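Note sheet for the following structure.
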Amino acid sequence: MTPQFGVALRGTGSALPTRVVPNQEFTDVLGLDTSDEWIRTRTGIRERRFAGPGDTSATLGTAAARAALASAGLTAADLDLIVCATVTPDLMCPATAALIQAGLGTRPIPAFDLSAACSGFLYALSVGAQFIYTGAARHALLVGADVLSRTLDFTDRNSCILFGDGAGAVVLSAAPPADNSIRALRLYCDGSRQELIQVPSKVTPTPPPGTSLPRLDHIRISGREVFRFAVTRMVELIERAEHDVCELGLPGVDVLIPHQVNQRIIDAALESTGFPRDKVMVNLDRYGNTSAASVPIALDEALRTGRCKRGDTVLLVAFGGGLTWSSALVTL
Ligand SMILES: CC(C)(COP(=O)(O)OP(=O)(O)OC[C@H]1O[C@@H](n2cnc3c(N)ncnc32)[C@H](O)[C@@H]1OP(=O)(O)O)[C@@H](O)C(=O)NCCC(=O)NCCS
């Protein structure tokens, strides 16, 4: 079916908690057996932001949404859809998107969450684009928001140093089909590897007595396995996107915006693909891994700082729990 409409990426926004947590805090305050040097050299992270008492996925998501609406030159009244990607919803019910909808004061419009961990924002982007392609929405707000600090085990040095909190948002608007800015979208999930990254909730079942399964109290990752998975998938997604670019006769990818997970994962993928280092947007040194918020925060920052500009073709790449992996090739 030929879409009736094209999709334009009309505005971006982001919101971060004010509390800055430098690496030193893990040793000096939490007494963890780690060091600033280990964290910097093994991950690239120098500091991250942690939610303050009043910050939640919904409050940060609402602030990011307001910024995205302002950058799009729209108001909440213009919106036809809100999708929020999060694995740390304020409540199991109602959805964080409903809280954002109330915070913005939109008309009664569809508003729902989706859960695809660090790929969540690209899954939301895909859902928003489908609503616009079919004419079901003219303006769609897509939010990635997470406060993983609330799930961390601060005695586990393998995981607690990696994550930060924040939210990013994008407004997509209908455009003439010839001006469609989304060149390619790829979404994948392999649930057979679900145990490699897990975030519990209040309803997570306790393992039956006698099984070897550990009780899931906090986020749990198998760092080494996830590292290998992330490099392999990032290489694959970059190679496929380069194929997409050639097929469309586009000038190529101007900026790569990867999920901000670990500098060594990004470096390994760049080395394997030969993708130029100077075309990559990185801010994980300041924010760590903000899960579903990572890609939209980096996209917003890239646009605000002139790292990329309108007319550029950007490749967004993400991977995470599920396991999920995803990419979007977008002309801004
Ligand atoms: C977690 C991660 C930083 C670990 O880096 P790594 O180079 O793979 O390190 P390893 O797991 O091989 O561990 C090497 C050693 O460092 C130790 N180590 C782990 N975390 C440490 C820390 N914060 N400080 C000091 N030492 C640490 C390990 O215990 C291990 O010690 P051992 O050899 O005595 O067992 C890295 O694997 C990673 O970023 N993985 C992906 C993270 C992820 O899952 N993100 C979420 C999904 S997107």
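Using N, Cα and C of the backbone, Cβ positions are placed for all residues, glycine too.
Features of the protein shown, as given by TrEMBL:
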type: DOMAIN; residues: 112-191; note: domain 'Beta-ketoacyl-[acyl-carrier-protein] synthase III N-terminal'
type: ACT_SITE; residues: Cys118; note: active site
type: DOMAIN; residues: 253-331; note: domain 'Beta-ketoacyl-[acyl-carrier-protein] synthase III C-terminal'
type: ACT_SITE; residues: His259; note: active site
type: ACT_SITE; residues: Asn289; note: active site
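DSSP gives Cys118 (active site) a helix state. For His259 (active site), other Cβ atoms within 10 Å of its Cβ number 29.
Confidence for the domain 'Beta-ketoacyl-[acyl-carrier-protein] synthase III C-terminal' (253-331), expressed as mean pLDDT, is 96. Taking the Cβ of Cys118 (active site) as centre and 10 Å as the limit, one finds 32 other Cβ atoms among all the protein chains shown. The separation of Cys118 (active site) from His259 (active site), Cα to Cα, is 7 Å. Counting only the Cα atoms, the space from Cys118 (active site) to Asn289 (active site) is about 9 angstrom. Broken down with DSSP, the domain 'Beta-ketoacyl-[acyl-carrier-protein] synthase III N-terminal' (112-191) shows 25 helix, 32 strand, 23 coil.
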